[in-house]
Amino acid sequence: MAPLITNIYTADPSAHVFNGKLYIYPSHDRETDIQFNDNGDQYDMADYHVFSLDSLDPPSEVTDHGVVLKVEDIPWVSKQLWAPDAATKDGKYYLYFPARDKEGIFRIGVAVSDKPEGPFTPDPEPIKGSYSIDPAVFVDDDGSAYMYFGGLWGGQLQCYQKGNNIFDAEWSGPKEPSGSGAKALGPRVAKLTDDMRQFAEEVREIVILAPETGEPLAADDHDRRFFEAAWMHKYNGKYYFSYSTGDTHYLVYAVGDSPYGPFTYGGRILEPVLGWTTHHSIVEFQGRWWLFHHDCELSKGVDHLRSVKVKEIWYDKDGKIVTEKPE
């Protein structure tokens with residue numbers, strides 16, 4: 001499978017269909033002298049590009065709309081514009097992004113445009129009560145919008161075990177709960193306000209259940225527990241929450257009846273690829289379902305120089321996601 005974008009290195013693709021066209025909102029990888037570490041310091045991204053195309057089969061020419069937002073534009077940000085997402089409401093387009101503030105703590109910001117391709121104007125402060133990384137915004141059928149977020153280790157989610165807005169620096173770095181009886185840390189969700197720029201409620205923790213027991217996944221279940229890269233989509237009235245398992249490099253999903261969960265683990269979507277991280281999105285476009293992800297094939301394995309790829313996915317008669325077309 002060839003990379004979809006080759007003019008620059010891109011990762012963490014959030015794909016959306018706006019006005020009949022497919023738009024991709026990735027992070028922008030760049031060369032750096034920072035050494036690889038489990039905190040993710042080598043992912044030193046400084047701006048965002050937006051891409052668009054008219055078809056996927058065959059792929060049409062990809063348009064790079066250029067830099068739409070950069071670190072220098074955002075008063076509260078110090079560095080690391082990591083995986084973004086986008087949403088639309090009432091003719092406005094919103095770009096959601098994580099970044100480190102001046103104290104080195106990850107927050108989530110929002111920037112606004114009149115066009116899906118930007119450029120985007122950032123709000124001067126991060127979303128109040130936001131923390132960690134990997135925002136993914138899902139707009140339900142009734143127009144309600146929800147933000148899913150969180151990431152372990154360098155994403156700092158494990159630093160908030162004492163509660164929302166209580167940052168425990170002792171948990172900084174590549175750490176997470178472990179050991180007998182420890183439950184996996186869940187991703188976070190909050191409904192957004194009508195203007196799409198703040199949380200409308202207290203942030204909640206999502207519970208992902210093991211199908212064989214109905215109990216929350218254990219912290220030591222690294223093949224299934226949440227690590228980062230939240231995404232939500234809906235199919236046949238069910239909510240599909242997908243995510244990366246991080247250090248085991250799987251893309252997996254869980255299914256529930258509410259945007260708040262709980263979600264029951266459903267299986268793997270993608271096996272490990274070349275490169276440390278897996279981050280994705282799932283979107284319906286022109287009547288077919290597509291999985292966007294990234295790997296390091298184009299850079300010949302350089303971990304922080306990734307490239308967006310896309311593959312088709314399907315659902316079987318039971319609603320399970322499959323990567324080969326059912327008979």
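Glycine residues also receive a Cβ, built from the backbone N, Cα and C atoms like all the rest.
Annotated active site, proton acceptor per Swiss-Prot: Asp12, in sequence order, evidence recorded as similarity to another entry. In three-state terms derived from DSSP, Asp12 (active site, proton acceptor) belongs to an extended strand segment.
Here Swiss-Prot flags Glu228 as active site, proton donor, drawing on similarity to another entry. Secondary structure at Glu228 (active site, proton donor), as computed by DSSP, is strand.
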*At the level of the C-alpha atoms, what whole-angstrom distance separates Asp12 (active site, proton acceptor) and Glu228 (active site, proton donor)?*
11
